[in-house]
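Student: Got a structure for you, written out below as structure tokens; questions coming shortly.
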């Protein structure tokens, strides 16, 4: 069997886990790692025997590029690969309109170059979106609540770090139920700054002001970092004319590993789609798995 | 907007709920109810203003036939509709090889007549199969346990009723965790039969002998019937090289209503597939929902 050649674009927390997930996939191999400028400058040459380069064209044949990069870079980076006929997978996680725009833009580029882009292929947006879709398939009317955490929020951590006087910070998302969240922010402050003022600034920041936010003054952030995260999706709804249909999905995972594995599974699915751009809910779930269709049906049905 | 015309084949617990779910679907309408011999003989003529017939050809245009019939009848009934270019949806729930055979047979008929068959479109097999697939997408290695209940098992109820001396019975499935189940069987015995012997016969029946089975002697079965059912799917697995990734899906529903709604959602999806036969895991989840793709993505992503 010819293994599918996967290039890993970006080599942060998620990129490293993508490498592990590709190695563990019986149908794939790592074609190489492509540096994203300023992020992996430290790793010129080789890593774990895989070539590391700043340009995918220096690698041998690449079938799929997994973009383990900042979401904000995806709209710039993805077209470069698609134009070269390389499928892309990203975990673009900026909710709302921007996903629709990304899908439109990449659809055009992908179709023009006979390639497939799978977008927002993490766990939220991503597999959680599929779970929400299935819950609505079972009960079309009703309300779905997505409760995140407990776990680190990247966006809120960046926002807390940006506050003047903050040397380092981490923001945890604590689920309070019904889609409502509490924020616990641990900050290490710079010398000669007033904790009370920093606390105030964080609580008034647009990222935090709508939630109950508690700020703690600590000496050390590094030792608080744990990549565990979770989600609890709840739906109570109506099937036909029958009320009180209840569904829950609970997940507790090491965050970058889950994201990376979903991207790698989506990479496999990309080979089975027609040219274009897709979110996970637009792909037959069986396409994510390795193996013959009939065997998967027999096992998972 | 032209509404899709749905014929309901069979009018038992599930068929009645299919009617409700079609009426509540903004894009569908009931074309009519087709009797399955001996099941709905009582309803000649009309029901709720919908025509009732023993032959679908007596109805006006029908786009989709929802087969709310005994699973064992599906292989016989489905081809009749597919040959007439009518899509079919069934909730065929006999696990194992027979699903693969049904899929193969209906694929041939459906393709020959430009129609689509969606098979095993209940909640298990069905939406639970999709959930198991998604869990494996997130963590390809590991073990999934499906715990059913508490709720009525149709198959076990039929098996208990078939035991000599049983006047009426109901069998409940009680989850014990890790895919292990206990069976609680309530029987009403015929006069002059020995409960101890009936208890023994049930416990030795092939449906029951592998599980802990407790048999109760009761006066009345009717008043014990509750259509509530549930499932708890658990997976602990490995994403890439990261262990201890945990996922759960919990559902507590009125059983026939959930089955019926999934079938109706699958009926909608049938219009978006190419000719052939599909299990739910082979269909993009977004196709089950009513509305524009972009709007669904925006809402559920």
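Using the three backbone atoms N, Cα and C, a Cβ is placed for every residue, glycine included.
Okay, so TrEMBL annotates it like this:
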- B:5-91: domain 'Semialdehyde dehydrogenase NAD-binding' (DOMAIN)
- B:121, B:122, B:123, B:124, B:125: NADP(+) binding site (BINDING)
- B:122-253: domain 'Meso-diaminopimelate D-dehydrogenase C-terminal' (DOMAIN)
- B:173, B:183, B:229, B:255: substrate binding site (BINDING)
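Please situate the listed features within the shown structure.
Tutor: Residues near residue B:125 (NADP(+) binding site) in space but far in sequence (CB under 8 A, at least 6 apart, same chain), listed by position: B:92, B:93, B:95, B:99, B:279, B:280.
DSSP assigns residue B:183 (substrate binding site) to a strand in the three-state reduction.
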Student: How does the domain 'Semialdehyde dehydrogenase NAD-binding' (B:5-91) divide up by DSSP, counting helix, then strand, then coil residues?
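Tutor: So the domain 'Semialdehyde dehydrogenase NAD-binding' (B:5-91) is made up of 29 helix, 27 strand, 31 coil.
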Student: Select from B:121, B:122, B:183, B:229, B:255 the binding-site residues whose C-beta atom falls under 8 Å of at least one C-beta in chain A, and return them in sequence order or as 'none'.
Tutor: none
Student: On the 0 to 100 pLDDT scale, where does the domain 'Meso-diaminopimelate D-dehydrogenase C-terminal' (B:122-253) sit on average?
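Tutor: Averaging the confidence scores along the domain 'Meso-diaminopimelate D-dehydrogenase C-terminal' (B:122-253) gives 96.
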Student: Starting from the NADP(+) site formed by B:121, B:122, B:123, B:124, B:125, give every other residue of that chain whose CB sits within 8 Å of the mean position of their CB atoms, in sequence order.
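Tutor: Neighbours found: B:91, B:93, B:120, B:126, B:127, B:128, B:129, B:259, B:262, B:280.
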Student: Between residue B:183 (substrate binding site) and residue B:121 (NADP(+) binding site), how far is it from one CA atom to the other, in Å?
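Tutor: Approximately 25 Å lies between the Cα of residue B:183 (substrate binding site) and that of residue B:121 (NADP(+) binding site).
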Student: Using a Cβ-Cβ cut-off under 8 angstroms and a sequence gap of six or more, which residues of the chain neighbour residue B:255 (substrate binding site)?
Tutor: B:123, B:151, B:152, B:227, B:228, B:229
Student: By the DSSP assignment reduced to helix, strand and coil, which category contains residue B:123 (NADP(+) binding site)?
Tutor: strand
